[in-house]
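Novice: Let me give you the structure first, and then I'll get to my questions.
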Amino acid sequence: MTTPPLRLFFALPCPKDLANLLYAWREGIGADGRPVDVANLHMTLAFLGSVPRGRKSELLELGKTLPREAFTLQLDHLGRWRNGILHLSPSITPEPLLNLVHRLREMLVALDFPVEQRPFHPHLTLARHSIRLPDAQPSFAWPVRKITLFSSENSPRGVHYRAIGDWSLNP
Ligand code: ATP
Ligand code: MG
């Protein structure tokens, strides 16, 4: 029997303190839709989709070569896309983040992984299937200190992201 592939993505995991703050803030503004679990809050850097298990080690090696410059994300914009994604985003994307995503995509292409062609829109999803944009002005500072390779797994309690590799950034 063949083992099923993994569903992988590189992301910035939201620190626990900030995740708790965002959770409470989201409740306070009365956001609609299906809320993202507090443990799952993150910013996707690169979504790989289905990856054969045998290729996991290539991604763990790739992770070691990523730029390590820490940065702070100012989440100062609340938006909702037509696909129902209610999200927070930075109005200014820090240079180290752009650099990181650029290098990540470059290395994925070099290894022949399928890579997103669309421009990178940094965002942290708060809820899905939202039909109303609350009138609220966020102001959250996210000190980014870690990159994680996650495996997205389904369980009876909903989707769970399992960290299979992480790399710390240097302030
Ligand atoms: P579910 O799909 O069960 O509602 P989820 O969307 O949280 O849960 P995944 O679909 O595994 O879980 O997605 C993991 C991350 O990758 C999320 O940030 C998601 O927005 C992003 N993602 C998923 N599919 C794509 C895609 N086709 N292109 C870009 N990013 C994607
Ligand atoms: Mg999904």
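Each position is counted from 1, following the chain as shown.
Positions of Cβ are set from backbone N, Cα and C atoms, glycine also.
Features from TrEMBL:
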{"type": "DOMAIN", "residues": "12-83", "note": "domain 'Phosphoesterase HXTX'"}
{"type": "MOTIF", "residues": "42-45", "note": "motif 'HXTX 1'"}
{"type": "ACT_SITE", "residues": "HIS42", "note": "active site, proton donor"}
{"type": "DOMAIN", "residues": "93-159", "note": "domain 'Phosphoesterase HXTX'"}
{"type": "MOTIF", "residues": "123-126", "note": "motif 'HXTX 2'"}
{"type": "ACT_SITE", "residues": "HIS123", "note": "active site, proton acceptor"}
Novice: Give me the CA-CA distance between HIS123 (active site, proton acceptor) and the residue listed as 'active site, proton donor', in Å, as a whole number.
Specialist: 8
Novice: When you measure from the Cβ of HIS123 (active site, proton acceptor), how many other Cβ atoms are you left with inside 10 Å?
Specialist: 18
Novice: Name the secondary structure element type, per DSSP in three states, that contains HIS42 (active site, proton donor).
Specialist: strand
Novice: Restricting to the motif 'HXTX 1' (42-45), what is the model's mean pLDDT?
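Specialist: On average, pLDDT over the motif 'HXTX 1' (42-45) sits at 98.
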Novice: Provide the number of Cβ atoms within 10 Å of the Cβ of the residue listed as 'active site, proton donor', excluding the reference atom itself.
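Specialist: So the Cβ neighbour count for the residue listed as 'active site, proton donor' comes to 19.
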